[in-house]
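**Student:** If you look up TrEMBL, you'll see 65 marked as active site, proton acceptor. For 66, 69, 71, 73, 75, 87, the entry in TrEMBL reads Ca(2+) 1 binding site. What TrEMBL records for 161 is substrate binding site. Annotation comment: TrEMBL describes 191 as heme b binding site. Annotation source TrEMBL lists disulfide bond at 34-114, 67-72, 120-320, 198-230. Under the heading domain 'Plant heme peroxidase family profile', TrEMBL lists 29-324. According to TrEMBL, the feature site 'Transition state stabilizer' maps to 61.
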Ligand code: HEM
């Protein structure tokens, strides 16, 4: 298959959208210093997805997990050192977050084209945007100019929202980052693509809350499928089930239709239907894909601006895994 062109990349992609990749503070940030930036990133994401369709989902999640810990500063990419425990081995990330090699490959190409110019944090942000549009989702302009953090935080990474937490707790974690309930509902729509390991929802399948029965809020036929994928034994913990089994790799609004039909896989996803405000947004997005696409782009830009480093703060890493190189 040919690499993507402005026409083929996504129906929603319009020629000139690169113009939208503005700086966080002013004019287009890498326009002069790295004019091929968006092309290089898009090609890197496209070829990774050609190789592994799930990579679109993994790159989107990588961005979320970067932004929620120390801000969108590429901290998740840092390897552990003798003096710093990084984020990669935190509970929510270890054997779970994927895509590090894709970012490395894009960074290597960028170092050839414009050495020492583009931050790893901006690469992760652009990669998430391109992943969504290549999976059939919306396209949006990304403010650029993030700098890379000098440190990572394992303890903050261990505080990522968990699928076993209440909606109230999850919302509080979003609020602490300057986001709100609407952002929780909209950004959870990312679970329209990608997979979850059985251990992240297995407690719903056999003995929900000690009842000896499955979660009553789980559709019977989905329950049967999930029980087949994740039999009630320890060695099924790392097996994978799609988060949206209807359109597994397509970025669409079916995730919300699933929630309306009691077919959310994670308990934290289905929990959106237990709050009146959240449920009415879910119902709205389940009916109107346009509003989901539109609101998703707004919430993604909001998330991508959490705690960004600009000006003289941080650095531009040459190798995304190491500081001061
Ligand atoms: C609201 C709180 C959230 C919780 C509790 C949550 C939880 C999870 C869990 C447990 C998984 C499966 C991980 C595994 O089995 O290894 C997952 C996967 C995923 N999450 Fe979330 N998530 C949340 C929000 C988000 C947000 C805000 C995004 C992006 C905007 C996102 C994007 C994804 C994607 C795309 C996947 C699939 C990744 C893949 O297949 O590699 N999630 N999430």
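From the backbone N, Cα and C atoms, a Cβ is placed for every residue, glycine too.
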**Student:** Other residues with Cβ within 8 Å of the Cβ centroid of 66, 69, 71, 73, 75, 87 at the Ca(2+) 1 site?
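**Tutor:** Sorted by sequence, the hits are 65, 67, 68, 70, 72, 74, 76, 149, 152, 153, 156, 157, 307.
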**Student:** If I take the Cα of residue 320 (disulfide bond) as reference, which of the recorded positions 65, 66, 75, 230 has the closest Cα?
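**Tutor:** Given the candidates 65, 66, 75, 230, the nearest one is 75.
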**Student:** Should any of the disulfide-bonded residues 34, 67, 120, 198, 230 have a Cα within 10 Å of the Cα of residue 73 (Ca(2+) 1 binding site), which are they?
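**Tutor:** So far as Cα distances go, the disulfide-bonded residues lying within 10 Å of residue 73 (Ca(2+) 1 binding site) are 67, 120.
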**Student:** What subset of the recorded positions 34, 114, 120, 191, 198, 230 lies within 10 angstroms of residue 75 (Ca(2+) 1 binding site) at the C-alpha level?
**Tutor:** 120
**Student:** From the recorded positions listed here (34, 61, 65, 87, 120, 161), select those whose CB sits under 6 A from an atom of ligand 1.
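**Tutor:** Near the molecule: 61, 161.
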**Student:** Report the same-chain neighbours of residue 69 (Ca(2+) 1 binding site): residues 6+ apart in sequence with Cβ closer than 8 Å to its Cβ, ordered by sequence.
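**Tutor:** Those within reach of residue 69 (Ca(2+) 1 binding site), by Cβ under 8 Å and sequence separation of 6 or more, are 75, 76, 87, 152, 153, 156, 157, 160.
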**Student:** Check the Cα distances from residue 72 (disulfide bond) to each of the recorded positions 66, 198, 230 and keep only the ones within 10 Å.
**Tutor:** 66
**Student:** Measuring Cα to Cα, how many angstrom lie between residue 230 (disulfide bond) and residue 71 (Ca(2+) 1 binding site)?
**Tutor:** 35
**Student:** Given residue 61 (site 'Transition state stabilizer') and residue 191 (heme b binding site), what distance in Å do their CA atoms have, once rounded to a whole number?
**Tutor:** 9
**Student:** Please give me the CB contact count at 10 A for residue 72 (disulfide bond), counting all chains in the structure.
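**Tutor:** That number is 27.
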